[in-house]
């Protein structure tokens, strides 16, 4: 960790120590001892700020609570980790974590009807309305990750033995959601391009009907899958599902928050997004949105009455287990939302950067892209078996040679030790960083005598 980053963390920690003094005092009162401690803390902060300004000093704090490393990956490196890119917090989200880190901090002004989505201060109720509008659906709830959205829908629609159509590239959490509800997943096969098509979905529905005598009760399809980040025909699949009167769950874990998503235009009955994967939000966070038709079922309230006490909790939604995201997780998501709403407008530029980097990798002889190409997403799967893995076979560090080379140049996030098939994500990187990453890969190739076909990139398509 460079000293400026180190000292920035130390300054933040020192300010938190001052904050703790303010928390422990009596209201509007400062004892002489407390005043002394505050002044001592301020002097410490001033010294740290001098170190930041002058790039001086030595590390004084290396661990949090004695055993937790300070995470400085985003400050000190270019991070191309495939699932972390779009979950990087905005500055406003990080500020929200500071202010709302206490457990039930969302509940300071919780009044009747005592439910999270009804709280007006902080503005949680209008945030729910904005979320629904953001994906062009009618009603939305925040959930602890996309998986809890899958779970809520499956729990509502799926009974024991029911069939649920999923992609052959479906995420494991879709499987678990169906399994927990007692259902059975029925996978739609991929075509030769690793794409799920509407025709293949229709054929699978017919096959399930013929085999079981019943139609599937739900179709769950990823817009972009997690393995290749290939785009699947969600709109066509939704049309097919509705021809059979089957509702469609749109898995937008890799889309909601990075690109425009219009649930009604797609034909989705349910839109599920991931806050910590694609909405610059703390984990676990996500969104489940639906239509007016399905909202009363998915967001149904409890009807149970205590047999001894007669107690009722009728306002609480069963699938949400009452309230979902309390405290800093939700407030971080809310704080990032203005930025998230704007950044989806820049999706085409993100794709240009993605393809620019992939083209640069393909210029290294033997490298291939496993995902569909040209890229339609910033997450990509590449195959360097015939390039970097050739070096790894003879290198004393084996596949870790590439990790070492990248790390020495300030790049992290590739699967450590992988030189065959691996994934990366360019989302949110500046053009300067994208250029740096591809130059680094090509320089490593040069170092180990891999052939690189370089072209004049001075007139790249940033402005197209």
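Cβ coordinates are placed from backbone N, Cα and C, and glycine is handled just like the others.
The pyridoxal 5'-phosphate site in TrEMBL is built from 146, 147, 274, 275, 276 plus one of 136, 251, namely 251. By neighbour count, meaning other C-beta atoms within 10 Å, the densest spot among the binding-site residues 147, 276 is 276. Within the same chain, the residues at least 6 positions away from residue 275 (pyridoxal 5'-phosphate binding site) whose Cβ sits under 8 Å from its Cβ are 87, 142, 145, 257, 281, 282, 283, 284, 285, 286, 287, 329, 333, listed in sequence order. A straight line from the CA of residue 251 (pyridoxal 5'-phosphate binding site) to the CA of residue 277 (N6-(pyridoxal phosphate)lysine) spans 12 Å.
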